[in-house]
Amino acid sequence: MKLKQRVVLLAILLVIFIFTKVFLIDNLDTSAANREDQRTFHRMMASLRVELDPRLDHTMQSPWEIAAQWVVPREVYPEETPELGAVMHAMSTKKIVKADVGYKGTQLKALLILEGGQKVVFKPKRYARDYVVEGEPYAGYDRHNAEVAAFHLDRILGFRRAPLVVGRFVNLRTEIKPVATEQLLGTFLTVGNSTCFYGKCYYCRETEPACADGDIMEGSVTLWLPDVWPLQKHRHPWGRTYREGKLARWEYDESYCDAVKKTSPYDSGPRLLDIIDTAIFDYLIGNADRHHYESFQDDEGASMLILLDNAKSFGNPALDERSILAPLYQCCIIRVSTWNRLNYLKNGVLKSALKAAMSHDPISPVLSDPHLDALDQRLLSILATVKQCTDQFGPDVVLVEDRMTLSHL
């Protein structure tokens, strides 16, 4: 080979080396934290399908004892949960020993006690899968299937802050009425050939009962958190007024996040980052109704924001309520781990992952295809919002490495 050809070949190899380094290697964040994020994501993807299997061969504990031991200040269940299928099987099949009206709130629910003493919240089916809830983004009845889908999205996002939820069919005549309290039993009625009930809640009306298909009612059951972890309720700093013509401060004050950062518990610790994670979660599911949120009591801002009551979600797949993302685009910060996970889920991965995760649920298919497609579209909007932030402030400001502490002082 002539000298000139050798020089040309070396030059080409040098260009290839530089291209590889600059455009491939340098664009991969090789920090230990990000490598661990990627490993965690792949482990999650490998364990998405949760088969509801009653066997717990390796332990003498009940499924309720196992689930109670999972709960710690920063997660409701651990990253690896080989017993998850057994716990969810128990939730969907264990005998109901008592049924009562639900805890106070605006929407219809029932509080059930399952064999072994475990409390669960039952939310009945009110809409068909393809029904579109029109009007305000928080309009309509609770959607039981939204609770199921939101739980699995929580798994996929790696937050692990939502209580366990599974679908269940109950026979109102043989499973609920014989063990119902007088208060609940007094709300039962028959419409045509169907057994119905309307419960006790702020918006519960005898004229608007939830009705079974004959005696069989589809619904969701949410596992009650252990009593040793009492909850504390907080007003959401980005909550809505729910009053026509009256805006909340965040809706007109562009510097609102600066004010939030100066108030406890958002001035330090992980709570503000949890708020932003929750905004991303809520935007994906279309939940514009998180006016309050819960954490564990006496936590001084250190425990997680618990993702409770996600049923005002998946109402209208054509509605992308951008205001839900206000904490993200006003504060322009996001956890690196959350950012990485969102990027792993683009290009259709999110839709496929959620569909796989829900495939073994008793009420599958949980969501209609338009809702699954909407998730992928909303993910693109979130990624674009973060990019606008990084373009304006730089990635070093926007992408927050630390997962536990955050100081604005």
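Going from the start of the chain as shown, residues are counted 1 onward.
Cβ coordinates come from backbone N, Cα and C, glycine included.
Per TrEMBL, the feature ATP binding site maps to GLN107, LYS123, THR222, LEU223, TRP224, LEU225, GLU294, ASP309. The number of other CB atoms found within 10 A of the CB of TRP224 (ATP binding site), across every protein chain shown, is 20.
Here ASP142 (Mn(2+) binding site) comes close to GLN107, LEU108, LYS109, LYS123, ARG126, ALA311, LYS312: these same-chain residues lie at least six apart in sequence, with C-beta atoms under 8 angstroms from its C-beta. The annotation Mn(2+) binding site is assigned in TrEMBL to ASP142, ASP309.
Model confidence over the domain 'FAM20 C-terminal' (191-397) is summarised by a mean pLDDT of 95. Sequence annotations record features per position, and here TrEMBL assigns domain 'FAM20 C-terminal' to 191-397.
The annotation active site is assigned in TrEMBL to ASP289. Other Cβ atoms within 10 Å of the Cβ of ASP289 (active site), summed over all protein chains shown, number 25.
Across the residues annotated as binding ATP (GLN107, LYS123, THR222, LEU223, TRP224, LEU225, GLU294, ASP309), the widest Cα-Cα separation comes to 19 Å. With the fewest other C-beta atoms within 10 Å around its C-beta, GLU294 stands out among the binding-site residues GLU294, ASP309. Counting only same-chain residues six or more apart in sequence, the Cβ atoms lying under 8 angstroms from the Cβ of LEU223 (ATP binding site) belong to ALA67, VAL87, MET91, GLN118, VAL120, PRO163, LEU164, VAL165. Calculated from their C-alpha atoms, the gap between ASP309 (ATP binding site) and ASP289 (active site) amounts to 9 Å.
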